[in-house]
Amino acid sequence: MTQDELKKAVGWAALQYVQPGTIVGVGTGSTAAHFIDALGTMKGQIEGAVSSSDASTEKLKSLGIPVFDLNSVDRLGIYVDGADEINGHMQMIKGGGAALTREKIIASVADKFICIADASKQVDILGAFPLPVEVIPMARSAVARQLVKLGGRPEYRQGVVTDNGNVILDVHGLEILDAVALENAINGIPGVVTVGLFANRGADVALIGTADGVKTIVK
C-alpha cells in the first residue's frame, strides 16, 4: 500500500468513533482530509463539525457538513487529527501544516483525541521532525534566541502566515526526552502562541496505518 492509501485507511477507520447526532472536532492535513471525506458519508447523521483550519472548513462545507464556531459548542466528544510524529506515550509533534494553535485548542476541549497516522509517523523519541512554534511576528527573533538556549536550531518558515496572522519557527536538532517539560518551557517564552508539542494533552487513541491493516493503540 502507498503512504496515501495507509492515510486513507486510518481516516476511514476513525468513523467508528463518530456518534450520530454529535459535533465532531476535525484536524488539518493530508490524513485529516481523508477523515473529512469519510465524514461526508455521515452528512445528515451528525450535527456538524468544529474545524481547526480554514482549509478543513472549506472541505467540510463543500461536503455539506455544517461547521460550528467552537465558542458556540458546549461539548466535543472527539477530535480526530493526524500527527507529524507520535511516540509510545501517545505524545505528538504536530504543526507541519501550520494549524497547531487551533488544533491544540480543539484537542484541549474534546473528551477523546483520536490520532490517525501512517506507520512512518511512529517514533521512539520525538524531534527528528522539526518542532513548529507559532510566534507573534514582532517576537520572532527574541523567541528564536530563547529556542537556541533550549538546544534547538530555529528556522523561520518563509512565506507562511498562520490562520491567526502569526509566523512559524521550525526547531531542528532536538532530541525530546521529556516532552511535557519542553512543552511547558517553550510555552513560557514571551511571544510564543503555541508549540507543536502535544504532550500535556496527548492522544487517547492512535489508529496507525500499516501494510497489515489499521493498528489501534489505546492510552
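Keep in mind that glycine also has a Cβ here, set from the backbone N, Cα and C atoms.
Per Swiss-Prot, the features are as follows:
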{"type": "ACT_SITE", "residues": "Glu103", "note": "active site, proton acceptor"}
{"type": "BINDING", "residues": "Thr28, Gly29, Ser30, Thr31, Asp81, Gly82, Ala83, Asp84, Lys94, Gly95, Gly96, Gly97, Lys121", "note": "substrate binding site"}
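Apart from the site residues Thr28, Gly29, Ser30, Thr31, Asp81, Gly82, Ala83, Asp84, Lys94, Gly95, Gly96, Gly97, Lys121, the chain places the Cβ of Gly27, Ala32, Ala117 no farther than 8 Å from the centroid of the site's Cβ atoms, the recorded substrate location. Following the DSSP three-state reduction, the secondary structure of Lys121 (substrate binding site) is helix. The sparsest Cβ neighbourhood within 10 Å, among the listed binding-site residues (Thr28, Ser30), is found at Ser30.
Secondary structure from DSSP puts Ser30 (substrate binding site) in a helix. Take the binding-site residues Lys94, Lys121: by the count of other Cβ atoms within 10 Å of each Cβ, the lowest one is Lys121. In this structure, Ala83 (substrate binding site) belongs to neither helix nor strand by DSSP; it is coil. The Cβ of Ala83 (substrate binding site) lies under 8 Å from the Cβ of Met92, Ile93, Lys94, Cys115, Ala117, Lys121, Phe198, Ala203, each on the same chain and at least six residues away in sequence.
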